Amino acid sequence: MTTTDPQAGTGTATQDARAHRGPTAERAFAVAQVAAPLTTALAMPALDPQAQATICTFLAAPALVAAANAAGLLPERLLNDVPGGDILRAHRRPFLASALATGFAAAACTLNGTAGTDTLAAGFMTMPSTSGIVSIAWWGTVAYIASSLRRVLTPHRPTAPAGPTPADDAPGPDGELPGPVTDIINRWHTYISNPRGTNPNQDLILTGWGPDAWTGTIRATPGHSVTVTTDTVSGVYQLPHAWITITDGPYGSSKHITVRTTAPTTDEAQHTGLQALWNRRVARSGGCMPGTHLEEITPDPATGGIAAWVVADENTDAITVPDQYRLAGALYSTPLLISIQPTQNPRRAKLRKMEHSPLETGKDLTDPSVLRANKNGFVQIGTGISGRPARLQLFDPKIGAQHILVAGVTGSGKGGILQIIALAYHVNHVAILYGDPKGSSNPDVAKMASYAGTGRAGAMGMLRLAHAILMHRIAQSAAEDAKNFKATPERPFIGVVLDEFAQLLSEKSPDQEEAAPIVAALASMGRSMGMGLVLCGQIMNLDQLGSDTSIRDNVFYGGALVLLRSDSDQKNRVDLPDAFSGIDPSKIPAFWRTGDESLIYDPDVPEDDPTRTFGVGYTVGPDESAEMMRAWILESAAGLYRSDQIVIPADFPGWEDRETIAATPVNTKKKRGSKGATKAAGAADDYDLDGDGDFDDEQTSPDDNAASWAPAPVTALAKEPTAEEKILLVLREYADPIGEEVAYTHIDTIIASAGVARRTVENRLTSLVKSGKVIRGAAGEYGLPLEGYATP
Ligand SMILES: Nc1ncnc2c1ncn2[C@@H]1O[C@H](COP(=O)(O)OP(=O)(O)OP(=O)(O)O)[C@@H](O)[C@H]1O
């Protein structure tokens, strides 16, 4: 069946007489509509009364259907589903007219016999007369039916091949189909859907037609799949392959088709080319993203290429992001020029097919103020492919410092990222503690740090100092009953930056026993104490991370991950958010090489020296989506930081003794029977980290921690005294120094000395007198009771 769909039509065809079921069936129906009134008028008088009554009864059914159809009472769904429903829809008016004329003939001839036939057939000759008017009306109706259906009744003449649609082919006011539409429909039927066509019974419902394109729905018989291919359509309509797009339809046995009939502009050619390539190579079953299609294909100024939404088809639940390498191959591109980025919406992902990657040259960091954090502690460490800032959160005003894990193979640019993070700390007045077991990897970071320990021993010393500060802050916050960490100039956020963490944390490191519990404590408790941990290393393997899942999980889940070029297993080592799916950091090549390599080596062609991809990777915070980015290009931070503005953690009373603290090992003896490596969170509890020799639930010998640094007893920071405390202070000031008699002070003096509002002083004095802490003297005078004085 081939038809136009009046509901969905976007073209210019009108509604009537537009159905083009297989021409034979429709023509037969049209002939029946014209013939029915004539045959009834001729045949009825010859029948006996019983036969006439039977025929009249049978005629009631089509009459009812015709009336309901003309009144629009038949549901669209029914018309879509019943065989010939599309013909009924298109023949609404002629079918009703035919039913009326037939019914009238049946009634006239049944009642009047041959006279009735004569009246209808020849009554117009007796004009002027009633029978003449009746006859003219009846013949007029028959003529209207024939005229409405004349296009269906006249045999089809082949039309010119499909091509650009001339403007004067728009449908006529009587609903006639324009030539190209008829041609589309007839060709489909002749070569594709008819029983001897390429795809029998796979009918076309034309939903839109215009001068440049037509659209439709291909419907197979229920339960069967549509198998019409773009190749078939291209051959039948003699149009280039790339102009035809077939995508999944609203249900199993249907597909959408869009066919361009004129050559696309260069941009459009690129877009339709991508669309066609997508459908042919990527969305096909067995392709790397089956059950998807592209929407909103648009030029992408940042890359000179195209961006589009990848959208899941009706029958696809969610988009599964494929291996970028495979996708690049399917789209005849290279991995560096293809980007696919999942979004929070499981049915949509962003696709970029680039002409050039904006990451290839990167962006220079010349002004350190771009690293200033926004009010939520986010800083831009580079730029994504789309031009979007690649961001990291250094600290959160509500929940404290944020941890960061930087992972990548050697030369991937970890050191560069670390330098940018350190500069961001500096710009945002965060104190830096820097440990570099390799020694002098990043001289500028060492210079920005308030404390830098290089070499393995130096880095270990930095961790001990960080641990001491952490312990102090924990004790301080307990004494102050503080809930959230609030940074102040005296008590700043601290960034604890440890490069090449495996040197201290791997199972093979002689320092692991001491370093791992410290890092675990910083990972689990540092956030709320304003201490962010930045760990930088080559792989996120557990054995490289202190064999303690709490380090990896707290650092990653409590903050963010910067994943640079790495081995492909990196992404499996931590449970990355869905936004990260499909990303394979091992597919970031070491060099930019986007052109084709030559098969035969030509010594005369100078080597095209590749440039490195350092700093290219993904930043993923817990709720950000992973877009390929490149860190700022910053070979050296020299000149961008101020040596006179290095922030130190001034709240730490042991700062002057930092070298001694750094040289004093921390007692990290494990709990007896503890299996630190298997504890997922709060692993610091497994160690005697506060150095008091107490494992919370176990008593150990005080000798165990003889050499450890332990926080000094903490006094709460001075707080503004309350009104009551101020009043008592004043009274104490005026009290008898030898305490022999009660010294009374007038309320005016108390108010002036305490600096508290009169009303508050009066209220507080009343309650102080009630509680016996103050005694009332003569009018308006108050004093402190003598020691041993008992209030009533
Ligand atoms: N953001 C950057 N801007 C400019 N140059 C960079 C940047 N990142 C890295 N580089 C260059 O790439 C080189 C290698 O980078 P880097 O030392 O940071 O790699 P790495 O991953 O730390 O390697 P390794 O693990 O061996 O220390 C650097 O010496 C520097 O020249």
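Quick reminder: no glycine exception, Cβ is built from N, Cα and C everywhere.
All annotation found in TrEMBL is predicted automatically rather than curated by experts.
What TrEMBL annotates here:
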| type | residues | note |
| --- | --- | --- |
| COMPBIAS | 1-15 | compositional bias 'Polar residues' |
| REGION | 1-24 | region 'Disordered' |
| REGION | 156-177 | region 'Disordered' |
| DOMAIN | 387-570 | domain 'FtsK' |
| BINDING | GLY408, VAL409, THR410, GLY411, SER412, GLY413, LYS414, GLY415 | ATP binding site |
| REGION | 666-709 | region 'Disordered' |
| COMPBIAS | 675-684 | compositional bias 'Low complexity' |
| COMPBIAS | 685-701 | compositional bias 'Acidic residues' |
For the recorded ATP site formed by GLY408, VAL409, THR410, GLY411, SER412, GLY413, LYS414, GLY415, which further same-chain residues have Cβ atoms within 8 Å of the site's Cβ center? GLN538, LEU564, ARG565, PHE614
Rank the binding-site residues GLY408, GLY411, GLY413, GLY415 by how many other Cβ atoms lie within 10 Å of each Cβ and give me the one with the fewest. GLY411
Using a Cβ-Cβ cut-off under 8 angstroms and a sequence gap of six or more, which residues of the chain neighbour SER412 (ATP binding site)? LEU564, ARG565, SER566, ILE588, THR613, PHE614, GLY615, VAL616, GLY617
Confidence over the domain 'FtsK' (387-570), expressed as mean pLDDT on the 0 to 100 scale, is 87
Students should find that the Cβ of LYS414 (ATP binding site) has, within 10 Å, a number of other Cβ atoms equal to 27
Quick one: give me the count of other CB atoms within 10 A of the CB of THR410 (ATP binding site). 8
Run through the Cβ atoms and count how many others sit within 10 Å of the one on VAL409 (ATP binding site). 18
